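Notes follow once the structure below has been shown.
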Amino acid sequence: MNVEEIEKYLEENFDKLPEGCKQCVKGGKLVLFITGICNNNCYYCPLSEKRKNKDVIYANERLITTVEEAIEEAKLCSSKGVGITGGNPLLKINRTVKFLKALKKEFDEFHAHLYTTPETVNEENLKLLKEADLDEIRLHPTKIFNEGYDEEYIKFLCNKLNLCNKYIEDVGVEIPAIPNMENEILKLAEAIDGIAKFMNINELEFSEENYHELEKRGFMPKDDVSNAIAGSEETALKVIKEFKGDLFINYCPSVLKDAIQMRNRLINRAKNVAKPYEVITEDGLLLRGIMIFDNEDDLKEMAEILEENEIEFEIIDKNICLNPFILEDIIEEMKRQRFPITFSAYISELYPTADALEVERIPLITKKLKFRRRR
């Protein structure tokens with residue numbers, strides 16, 4: 001599915017989506033990675049080395065340690081809700097409840113959904129989650145995709161889903177679209193129909209961590225520009241087409257996460273964190289102009305010129321940061337006047353995230369070129 005097809009699908013099915021998905025698509029969810037600890041060892045797990053099996057907390061891309069930092073990140077992103085993930089959040093139930101309660105207290109009508117596995121679902125944990133006002137829970141039946149379909153495990157899963165229904169308003173199942181597992185996924189859908197409200201099927205993707213495990217099982221990228229796996233989308237769409245029950249099945253392709261959900265979340269954050277001189281792109285990235293000086297006197301003189309002309313700028317690490325388009329105008333004017341200040345310059349494109357990851361540098365020529373003719 002391309003972006004246009006996804007947008008059409010969302011337009012036609014938006015009202016049917018779980019509330020967590022509705023907000024996620026709009027970029028309105030804080031992604032709270034509560035721990036990397038997990039009892040499962042799924043071969044398709046996409047977590048990076050810095051997160052997998054590490055007891056760390058991230059609010060979106062930001063490494064945090066406190067509730068206050070999570071609240072701050074939610075405000076910076078204008079978040080309307082939170083998706084609590086891991087690892088397995090229920091292995092750190094007290095921490096999960098602490099953060100959930102704090103976010104619910106800080107924000108009005110703040111929707112919360114949580115991902116976990118049926119093995120860690122029990123009455124005690126569910127009571128704590130209900131008290132913390134969890135709105136939605138999604139169970140990932142890992143055993144089916146690691147060991148194969150098993151009727152006893154499906155009964156176990158259904159019992160856990162029924163238990164969740166006693167405490168949590170919206171209960172669903174979240175799975176990967178493993179190529180050629182249509183029959184197993186269809187049987188799973190039939191088993192949970194009438195128990196779960198929805199089943200979310202994610203397109204399977206390569207990551208640095210799972211690449212070798214997926215490759216040795218014969219999986220291949222579907223094209224040269226995507227991390228998605230060939231056959232994964234076809235499996236998901238075939239399941240949706242062939243399922244005849246009442247359960248709502250939603251397919252979440254990788255391009256939706258990158259081109260729509262992530263983009264919307266970046267735009268939300270960029271609007272709150274962009275400095276006066278930075279430009280927000282249509283993809284939610286930030287553009288800034290950078291002037292680099294070897295001579296401190298040149299830096300001071302340029303700063304004085306900018307101040308005299310009431311141009312917004314900032315000095316960071318002996319570099320001047322300013323509006324990229326104004327920088328281009330300044331360079332052209334200085335070339336025309338043969339201004340004696342010496343510097344190099346470029347336009348920086350970066351994420352509006354806590355790590356301010358730079359994705360591109362566009363060098364700018366700051367001096368007139370001199371051409372010589374051969375004689």
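The backbone N, Cα and C atoms fix where each Cβ goes, and this holds for glycine too.
Same-site candidate for S-adenosyl-L-methionine binding, as annotated by Swiss-Prot with Tyr44, Cys45, Pro46, chosen from Gly87, Gly148, Gly172: Gly87. You'll find the Cα of Pro46 (S-adenosyl-L-methionine binding site) roughly 13 Å from the Cα of Cys38 ([4Fe-4S] cluster binding site). Here the Cβ of Cys42 ([4Fe-4S] cluster binding site) has 17 other Cβ atoms within 10 Å, regardless of which shown protein chain they belong to. Neighbour counts of Cβ atoms within 10 Å were taken for the binding-site residues Pro46, Gly87; the minimum is at Pro46.
Contacts of Cys45 ([4Fe-4S] cluster binding site) defined by a Cβ separation under 8 A and a same-chain sequence distance of 6+ are given as Cys38, Lys52, Glu209, Asn210, in order along the sequence.
Between the CA atoms of Gly87 (S-adenosyl-L-methionine binding site) and Cys42 ([4Fe-4S] cluster binding site) there is a gap of 11 Å.
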